[in-house]
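Worksheet for the structure shown next.
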Amino acid sequence: MNKEELFDVTVIGGGPAGLYSAFYSGLREMKTKIIEFQPHLGGKIHVYPEKMIWDIGGLPPITGAKLIEQLVEQGLTFQPEVVLNEKVESITRDEYGTFLLTTSSGQQHFSKTVIIATGSGILKPQKLAIEGAERFEVSNLNYTVKSLKHFKDKTVIVSGGGNSAIDWANELEPLAKKVYVTYRKEALSGHEAQITQLLNSSVTCLLNTSITKLIAGENHEAIERVELTNHETGEISYLSIDEVIINHGYERDMTLLENSELNIEMIDNYFIAGNANSESSIPGLYAAGDILKHDGKLHLIAGAFHDAGNAVNKAKQFIQPDASEYGMVSSHNDVFKKRNRELMKQMIE
């Protein structure tokens, strides 16, 4: 890759904040690139494809999978260059002020500005710490719920006591034959309303209890029973199950910010310290979505869109100081005239 391939803005991360950054930068006629570690765009929403999302203004309840589909379609409106399966490991800057992004495969990407939209970082589920557990990942040991129907009429045990574990248990309760939740602590730690729903349902909660062994059936391919250990009494019990779901949180890979030669101001050694305009401590480098922290920050998908728009506006003015502070609203923008005519035609046919 040569330096002639210089982009106006490079967005690191292809989740909601990154995709909206790509859309809005295209709207502002900026040459845009997205670099995403995963083999697909959409970000963390892939973890909960069938969950209903209610808190995006103007949208009725929508599944995670459908939202990803719409976000990707919008994000690619202006045909940004998309680089998948590449992990950005460092950001440097040359004597001319150009950002150099280096990936784990050795690729180099050059950009006038950068928007970091890595969300919670590169997430990897914390695996069940039991020897040999990995062999059941192809059968009935799950680290996410991709399809609720898969668990219909089955006996399911969910290990974990945080928001995701409780949400999954609540979602599965009306579908599954029986749902158990096991948690190593004495009290669940999710949102109050979700905990109340769980405790008032048919789900059986096993607190102060952990899965300590996975026992295969005769074919040795799937888990047939789990061994449970109560941490208060030491009592060991066994439970016959069809599916095991593990939600013990995620490991965050923060290599990008740890390896950066730029002195990016951080909060709690994780968040990028910024302001309401999505500016970081480095001129020309912006942040959007969950990675950004400042007073008044809204930690919702809707807030990520707001961050993205602000980041793009500041990036545009950084490159072109006499540019308008804000992009033109879509209802008056010439770039949508042809597409609007097509949509109107479809509406009246």
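Just so it is clear, glycine is given a Cβ too, placed from its N, Cα and C backbone atoms.
Database features (Swiss-Prot):
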type	residues	note
BINDING	E36, K44, Y48, V88, L123, D290, S331	FAD binding site
In three-state DSSP terms, the structure that V88 (FAD binding site) belongs to: strand
Residue among the binding-site residues V88, L123 whose Cβ has the most other Cβ atoms within 10 Å: V88
Packing count at K44 (FAD binding site) (other Cβ atoms within 10 Å of its Cβ): 17
Protein Cβ atoms within 10 Å of D290 (FAD binding site), excluding its own: 26
Where K44 (FAD binding site) falls in three-state DSSP terms: helix
